[in-house]
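For reference, Swiss-Prot has these:
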- 10-30: transmembrane segment (TRANSMEM)
- 40-60: transmembrane segment (TRANSMEM)
- 68-88: transmembrane segment (TRANSMEM)
- 99-119: transmembrane segment (TRANSMEM)
- 139-158: transmembrane segment (TRANSMEM)
- 170-190: transmembrane segment (TRANSMEM)
- 204-224: transmembrane segment (TRANSMEM)
- 252-272: transmembrane segment (TRANSMEM)
- 295-315: transmembrane segment (TRANSMEM)
- 324-344: transmembrane segment (TRANSMEM)
- 365-385: transmembrane segment (TRANSMEM)
- 392-412: transmembrane segment (TRANSMEM)
Amino acid sequence: MHGKLLPLAGLYLVQGLPYGLQSSLLPILLRARGLSLTRVGLTKGLYAPWLLKLAWAPLVDRRGTPRVWLTFSTVCLGLVCGLLAVLPPPQAGQTGLPTTVMGLLLLLNLGAAVQDVALDTLAVQLLEPKELGPGNTVQVVAYKLGSALAGGGLLVFFPTLSWPLLFLLLTATYWLAAALAWAAPALGRLSRPQVSEHTPHTSYLLQDLLAVPGTLWTAGFVLTYKMGEQGAGSLFPLLLLDHGASASDLGLWSGLGAATCSIAGSSLGGALLARHCSHPRQPLKLLRSVLQLRLGGLACQTALLLHLNTPGASLDPGTVMRGAALLSLCLQQFLGGVVTTATFTVMMHCSQLAPRALQATHYSFLATLELLGKLLPGTLAGVLADGLGPRLCFAAFLVLSALPVLDLRLAPSNLT
């Protein structure tokens, strides 16, 4: 089993790099160079290729092998990072990212989305039923670790680590990962998948997906359960930067510290569900408790933000406000990790109610909605903050975080 899990761990770690780069590192660097919250937030629109995974997933499934697609996409990611290394970084006073840089970041997300489909397909084919538990743990932990290394980890070394050196380092990492994907013995033993003789017609696919019991409720829940958390999580570090926190400190706490807490939360959620997995209601019961705690944590974070605007409030080293703000970042990530693990378990349970031939597509459909629910608030948070001000913006995030708590009362009986 170690011969399978070790290469998967390395590949999932590499898969988390683009997310950490664009969710943690770039926003703080761009804000430090004077870009508005609106423009910083809108750069997350570059995640758009991730929402189109269902468009090329059939191609990855039917043409070639997952190993070929995985190697090809990883090599392309290294090439894009190499091109980014030769371009000048965003300069202070610019109104936004240069068009060429935006285009390459869009290609980076396209390659990462193709890599995601290929790697998930490979994991499904590679792992035996008894290996799914350890395999899923490796997936979550390695992905979040890669995100932390590319986000907070690299940010800690700025400005020592220059823009060209950053992307040259990522280029070397991607090409090493591509060599790993091609040379790993366990991955080389996979055979070419057989193409199914029956392919659902596109016009009926959505109808078939929505006909699965519990899908409408699950789709609505996964679309909304992260909106408040994601909006606040993307905006709060930038506001701390505006109030005097250093970029390196935020990289350490918002990146590495928060990612460590998120991994711990995901691990705790998995352990709790594994201990009580015999009853399908357990994920919903866990969600009900943790979502209420998350709502309380966001209320405290909002109160901290309001207090920072009062005379005499400071984020200087050694102050209570500084410790409370950094603790708030980590606490929300920890609770968010538990919530994510429980929610993905609910998604899997719902997809298992679908016909076997539709289960993979059904799960991809729910995962795409889950991603959309995280991207929208992260992208629009800056626009809301610039237009409404941080106070009203965080009040809206509180309302959005309360909706999933109420939504759980409407869960259908086939999921409870």
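Heads up, the Cβ atoms here are built off N, Cα and C, so glycines get one too.
Using a cut-off of 8 Å between Cβ atoms, the transmembrane segment (392-412) and the transmembrane segment (324-344) share fewer than three residue pairs, counting only pairs 6 or more apart in sequence. The largest share of C-beta pairs under 8 angstroms with the transmembrane segment (252-272) comes from 324-344, of the ranges 40-60, 139-158, 204-224, 324-344, 365-385. Counted over residue pairs separated by six or more positions, the transmembrane segment (365-385) shares fewer than 3 Cβ pairs under 8 angstroms with the transmembrane segment (99-119), which leaves the two as not touching. Same-chain residues lying 6 or more positions outside the transmembrane segment (324-344) and placing a CB less than 8 Å from one of its CB atoms are 140, 221-222, 225-226, 229, 232-233, 236-237, 240, 245, 249, 253-254, 257-270, 272-273, 283-284, 286-287, 290-291, 293-294, 297-298, 300-301, 304, 308, 315, 370.
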